[in-house]
């Protein structure tokens, strides 16, 4: 029998110390990794519930195990809520991650060796969109499109590649692109060659839910997303569709289970349900609007300080700082900013001469700091501090001064109070 009197810090002090240190880091450092955010305490409460104990292979009402009547309620709540959030008529909330959701779509709709057309990782796409190091680039014949000299998707070039290679699937979505995507144009390109249009909206799902970024739901055959990032839920994935026929729905359902997954993570699905309820609240739209305002304030400030932003600015939650030609690499900049308690990630930029392990870019995002309560002026200040560090990454005095300023700012906006 378990004892409620035993605490983690006494039973496993090594692990407890690591968890406490990470909690402290999240409070004391500014989080600018575009794919990270903070879950609400309610989301974490659901994820830490007894639902973690339950096996529930199958779907609500059609399980392979007994005792699923209550986890069925949790999963159905998640399904119904996410359909309402995005205006979908099909939703699968079981994928363990965005990458698994993408894998499910490929395996449901394609055969090994089929041609896919996706955005190059080096130009802002994602590993799972056909990168050679990923299964999507090994199982399928992956053709890649990129951005032009202005850092924008060249839709005429995408059309040319589609016409030339006749892909069975066109993939739209990104991990490092700061402008709005013309989903209708992508659908027209896909239709012109008889291809599926698959949209991975993982990075902008929260913005889409709030109506501050165009929705792909009326254009794509199938849509996937993560449930963290801008959606601000637990780490996980979802698959959505609108107007999908019965055959497509059956393929998607059966490929998730039993195709590539067994038992779903019911505690995570419960946490997803909480996050989806939060996404339906009026405050969520206000939050997403502020995410974009904050990103634009940061981008404009960095531009004013002489730093190049790929595509010239941002219309979403992120920006890509291009440092080609500068002495500092993305790797060195990430390390220097880390010493100043500013957490970012190095990132390749279009036509990057440095390796992906070094890079000439930084990806910055505002979802996490906006959750803390940051406003535009806070982001102007923060962007100036970032520029100060990038101007003098080896100057310990500058790093110390910025670290002190960041510490004071973090105390002003605690994550969990």
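Cβ coordinates are placed from backbone N, Cα and C, and glycine is handled just like the others.
Here Swiss-Prot flags 121, 125, 126, 127, 355, 356, 357 as (6S)-5,6,7,8-tetrahydrofolate binding site. According to Swiss-Prot, the feature N6-(pyridoxal phosphate)lysine maps to 229, an assignment based on sequence analysis. Annotated site 'Plays an important role in substrate specificity' per Swiss-Prot: 228, in sequence order.
In three-state terms derived from DSSP, residue 121 ((6S)-5,6,7,8-tetrahydrofolate binding site) belongs to a helical segment. Of the residues the record lists as binding (6S)-5,6,7,8-tetrahydrofolate, namely 121, 125, 126, 127, 355, 356, 357, the two whose Cα atoms sit farthest apart are 17 Å from each other.
If you count neighbouring Cβ atoms within 10 Å for each of the binding-site residues 125, 356, the highest count belongs to 125. Counting only residues at least six positions away in the same chain, the Cβ atoms of 127, 129, 131, 175, 348 sit under 8 Å from the Cβ of residue 121 ((6S)-5,6,7,8-tetrahydrofolate binding site). In this structure, 126 is the one among the recorded positions 126, 228, 229 with the smallest number of other Cβ atoms inside 10 Å of its Cβ.
In terms of local Cβ density within 10 Å, 127 ranks first among the binding-site residues 127, 355, 357. Residue 229 (N6-(pyridoxal phosphate)lysine) has none of the binding-site residues 126, 355, 356 nearby, counting only those with a Cα within 10 angstroms of its own Cα. Calculated from their C-alpha atoms, the gap between residue 125 ((6S)-5,6,7,8-tetrahydrofolate binding site) and residue 228 (site 'Plays an important role in substrate specificity') amounts to 18 Å.
Between the alpha carbons (Cα) of residue 228 (site 'Plays an important role in substrate specificity') and residue 356 ((6S)-5,6,7,8-tetrahydrofolate binding site) lies a span of roughly 25 Å.
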